[in-house]
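Peer 1: Take a look at the following structure, please.
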Amino acid sequence: MASFASFTAPSAATAAAYPKTPQLSAATKPPTHITHHYSSPAGHRRRTRQPLHITCDSTAPNNTPVPDNPSSPTSRRDLLLGLGAGATTALTLDPFSAALARPVRGPSIEACVRATAGDQTFACCPPSFAGVDIMDFQLPSASEPVRIRRPAHLAGLDPVWLDKYKRAIKAMRCLPNDDPRSYIQQARVHCAYCNGAYVQADDTNKGLQIHYSWLFLPFHRYYIYFYERILGKLIDDPTFALPFWNWDHEDGMPIADMFKDTESPLYDPLRNPAHQLPTSLLDLDYNKRQPAVRTKEEQVRVNYAVVYNNMVSGAKRRLEFFGAKYRTGSAVPVRQSSGSCENLHNPAHIWVGDSSRALGEDMGNFYSSGRDPLFYVHHGNVDRLWNVWKTIGKFRFDFDDYDYLNASFLFYDENAKPVRVKVKDCLDNKLMRYDYEERPLPWRNFQKTPASSATVANIFGGEKTANAAEAPAVELTPLTEFPLALDSVVSVSVARPKKSRTAAEKEAQSEVLVVYGIELQGDKVVKFDVVVNDDPANPSGPDKFEYAGSFLNVPHDSMKFATNLRLDITDLVGDIGADDDDELVVTLVPRVADGPVTIAGVRIELQN
Ligand code: C2O
């Protein structure tokens with residue numbers, strides 16, 4: 001097993017150079033006349049469209065910079081360096097035992113420090129809670145109107161609603177920076193929970209991270225719930241509902257026009273300009289450096305395949321859909337595994353963000369993604385698909401684990417009051433008085449097809465039922481050579497726990513492919529694909545039987561961490577005719593590597 005021994009922490013000199021990095025200009029500028037929303041690196045030439053101008057006519061200019069939390073002048077990375085923990089923390093992949101079972105009650109606000117991204121640090125802590133009573137969350141009254149969220153590309157056609165949305169976002173941009181409901185404070189919520197600013201309230205030695213685990217869906221549900229209610233409050237409209245980015249439908253795949261209007265408060269200058277053309281469709285299989293070469297029809301098909309893989313075939317059970325169980329006591333570098341709900345959502349972050357910037361702002365890094373109005377609209381769709389997943393088949397329930405139901409977060413509500421929320425109160429969105437407009441699910445019965453490469457047949461025998469381990473034409477790396485750096489295509493033969501399973505056995509237990517001990521820097525984009533019994537020289541894309549799934553890291557804090565990728569391959573094995581095989585040839589295909597990644601191994605397990 002790889003350990004932190006190989007982790008080169010930033011030198012003390014580097015760390016010392018950044019203890020008080022100035023805030024991005026958005027945080028310090030008066031809210032009147034916001035031009036050039038964020039500072040650009042000197043000499044940086046943007047392929048810019050137009051700057052955003054917001055004039056806050058009714059609000060007095062607020063020139064007060066947002067203060068750092070005075071008790072936290074440094075980042076956790078720096079603290080860790082001071083403690084030497086970076087060099088000594090052992091990397092354990094299965095740290096949860098019954099003795100540790102406690103819900104994550106996070107965060108400890110007092111212990112909030114500067115967040116990290118790349119070699120910079122950022123102030124993301126919320127206004128101090130000192131002396132303020134934190135209320136326990138109460139569901140809204142059943143007499144409140146239900147807010148109906150509509151797809152952005154259709155909602156934007158309604159001028160009355162669009163005017164409300166723009167007025168609400170503008171009002172949010174014009175709130176004083178130290179109002180917890182302000183535009184920048186809302187963005188900081190994500191930064192603080194994702195880029196290493198927080199520790200767990202019940203174990204301040206442990207960091208808090210709401211990605212790469214079962215906290216992903218509930219955290220973001222609450223986040224946009226309060227954001228939506230704040231917007232409604234600012235325009236005094238209790239029916240106001242956010243739109244959602246309906247990227248699982250062909251018509252919704254481009255960025256909706258209202259976000260591309262450079263004069264609109266919904267515009268964000270820090271996006272990839274190449275992806276805001278009228279012809280740009282979101283690529284759910286985005287490989288960053290490979291220019292999109294697909295036709296519109298091909299892109300739509302690939303996107304439907306990716307949604308199908310992550311919603312239907314690759315995530316039949318909770319662990320693979322929601323992500324790993326995360327309890328207090330688990331160390332922050334250990335992010336056990338993201339669910340397919342999160343894997344499905346990752347590419348949009350990288351695709352929307354401005355990849356010409358080192359940190360990929362805004363959407364391409366968790367510290368800044370909350371600054372783009374598209375973030376909340378993207379997450380609306382993720383939130384909607386959580387509901388859809390539960391309707392798709394057996395075993396598709398929310399976790400009923402005590403530590404899931406009682407995990408908690410802190411938010412500010414629409415009245416600027418701090419609220420402690422628990423996961424158990426957000427499992428039924430109708431009780432939260434919002435819902436989604438019904439939409440067709442064109443990916444629901446997606447038909448995958450066999451890999452077209454003729455080589456595959458040569459490798460695996462005419463019917464591809466030969467024992468893959470004996471396949472002569474694939475160069476196999478023995479499992480004993482792991483952990484290894486994934487810097488080129490690697491194929492490995494992996495034993496199956498059971499072959500020739502009956503239909504009943506397949507229903508009782510999924511066959512799950514686990515790429516484990518994926519170790520990387522949190523702030524680097526890394527993507528690799530996983531294919532099974534496929535031609536390593538011509539690996540299949542998401543619409544093929546042989547494709548199992550992808551790993552993609554959205555940059556967040558700058559800590560090194562390890563995680564796992566879990567993919568349900570029950571259908572895949574049948575599709576490729578490998579039911580009776582003892583072993584499968586698993587090929588890992590690096591697609592983006594902005595930083596090094598190592599893999600500890602690959603295994604196949606049966607999962608209830
Ligand atoms: Cu917290 Cu889309 O991420």
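In case you wondered, yes, glycine gets a Cβ from its N, Cα and C as well.
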Peer 1: According to TrEMBL, the disulfide involving CYS191 connects it to which residue among CYS112, CYS124, CYS125?
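Peer 2: Recorded partner, per TrEMBL: CYS124.
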Peer 1: Choose one of CYS56, CYS125: the cysteine that TrEMBL connects to CYS112 by a disulfide bond.
Peer 2: CYS125
Peer 1: Which residues does CYS124 (disulfide bond) neighbour through Cβ under 8 Å, counting only same-chain ones at least six apart?
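Peer 2: Non-local contacts for CYS124 (disulfide bond): CYS112, ARG114, ALA115, ARG188, CYS191, ALA192, ASN195, ALA197, TYR367.
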Peer 1: Reduce the DSSP letter at CYS191 (disulfide bond) to three states and note it down.
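Peer 2: The three-state answer is helix.
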Peer 1: With an 8 Å cut-off on Cβ distance to the HIS190, HIS211, HIS220 Cβ center, who else from the chain surrounds the Cu cation A site?
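Peer 2: My list of surrounding residues reads TYR193, CYS194, ILE210, PHE216, PHE219, TYR223, PHE366, HIS379.
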Peer 1: Return one of helix, strand or coil for CYS125 (disulfide bond), based on DSSP.
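Peer 2: SS state of CYS125 (disulfide bond) = coil.
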Peer 1: Hey, for the Cu cation B site built from HIS345, HIS349, HIS379, who else sits with CB inside 8 A of the CB center?
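Peer 2: Other same-chain residues with Cβ inside the cutoff are HIS220, GLU342, ASN346, ALA348, SER369, PHE375, HIS378, VAL382, VAL554.
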Peer 1: Which residues, sitting 6 or more apart from HIS211 (Cu cation A binding site) on the same chain, put a CB under 8 Å from its CB?
Peer 2: CYS194, ARG335, SER338, GLU342, PHE366, VAL554, HIS556
Peer 1: Could you give me the DSSP helix, strand and coil counts for the domain 'Tyrosinase copper-binding' (372-383)?
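Peer 2: Counts, helix then strand then coil: 11 helix, 0 strand, 1 coil.
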